[in-house]
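Chemist: Sharing the feature lines straight out of TrEMBL:
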TRANSMEM  33-51  transmembrane segment
TRANSMEM  58-79  transmembrane segment
TRANSMEM  85-105  transmembrane segment
TRANSMEM  117-135  transmembrane segment
TRANSMEM  141-160  transmembrane segment
TRANSMEM  169-186  transmembrane segment
TRANSMEM  198-216  transmembrane segment
Amino acid sequence: MNALLYFTDFPNDSGPVYTETIQGRFPVEPFNTFSNLFFLAIVIYFSYRVYKNYKAQLFLSFALPVLFIGWVGGTIYHATRSHEIWLLMDWVPIDILCLGASLYFASKASSKKRQVVGLMILVLLLVLGVRFIPFRSHGQTYAYIATAIGLLLPIGIHVFQTRFKHSKYMVFAVLSFAVAISFRALDRYIHFSMGTHWLWHSFGAFSVFFLMKYIFHDAKSSRLVNNQD
C-alpha cells in the first residue's frame with residue numbers, strides 16, 4: 001500500500017518534473033544525480049587547501065560544509081524525488097552561500113558604515129526579496145539571476161577596488177554561470193532524453209569553483225598586505 005501511495009503521489013516534493021524524470025527507476029534522474037559529483041569534487045579540492053590553515057580562509061571554512069550539505073541534499077533529491085527535505089537541502093545551502101558571499105564582500109566595499117549597510121540592504125532585496133514575487137513561469141530561474149546580481153555587485157566593487165587582481169577567476173565564474181542558467185531555462189525546450197538540467201549543475205559547479213578560487217586567492221593577498229602593514 002505504501003509503495004502504491006509513493007507512485008501515485010510522485011514526485012513527493014514541490015520541485016519540477018525535469019525532462020529526464022522517470023518514475024519508478026533509480027536513480028530517478030541519472031544525469032541530474034551524477035552531475036552533482038562536480039560539487040563533491042570542489043569540496044574535496046578546497047578542503048585539502050583551506051583546512052591546512054583555516055584561520056586564513058574563514059569564509060571558505062564556513063562555506064565548504066554548507067556546500068557539502070547541498071551536495072548531499074541535491075544528490076538524494078534528484079536520485080529519489082522522495083521528500084521535500086531533500087529539495088530544501090538542494091537549494092537552501094546555495095542561497096546561504098550566495099547571501100554569505102554577498103555580505104562578506106559588501107562588508108569590504110567601503111570604510112563608511114552607511115554605504116556598507118546600504119549595499120547590504122540592496123543585496124538582501126536581490127537575494128531574498130525577489131523570491132516573494134509571484135512570477136508566472138521560470139520563477140526559480142529569475143530568482144537565481146537576481147541572486148547572481150546580488151552576489152556580483154559587491155564582488156564587482158571589490159574587484160575594482162583591488163585593481164582587478166585575480167579578476168580572471170571572476171570572469172570565468174560569470175561566463176560559466178551565464179551558460180549554466182541558460183541550460184537551466186532550456187530544459188523544457190531542448191528535446192534530449194537526459195534534458196539539460198544536468199548541464200546547469202555542471203557549469204554551475206564550474207562557476208562555484210572559479211568563485212571560490214577568487215575568494216581563496218583574494219584572502220591570501222589580503223593577508224599578505226596586512227602582514228606587511
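Keep in mind that glycine also has a Cβ here, set from the backbone N, Cα and C atoms.
Computed from a predicted structure; not experimentally measured.
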Chemist: Under a Cβ pair cut-off of under 8 Å, which of the recorded stretches 33-51, 58-79, 85-105, 141-160 contacts the transmembrane segment (117-135) most often?
Modeler: 141-160
Chemist: Do any residues of this chain, six or more beyond the ends of the transmembrane segment (33-51), have a C-beta under 8 angstroms from a C-beta of it, and if so which?
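Modeler: Sequence-distant neighbours of the transmembrane segment (33-51): 27, 57, 60-61, 64, 67-68, 70-71, 74-75, 78-79, 198-199, 201-202, 205-206, 208-209, 212, 216.
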Chemist: Same chain, outside the transmembrane segment (141-160) by at least 6, Cβ under 8 Å from its Cβ: which residues?
Modeler: 95, 98-99, 101-103, 105-106, 108-109, 119, 122-127, 130-131, 133, 135, 167, 170, 174, 177, 181, 184-185, 214, 218
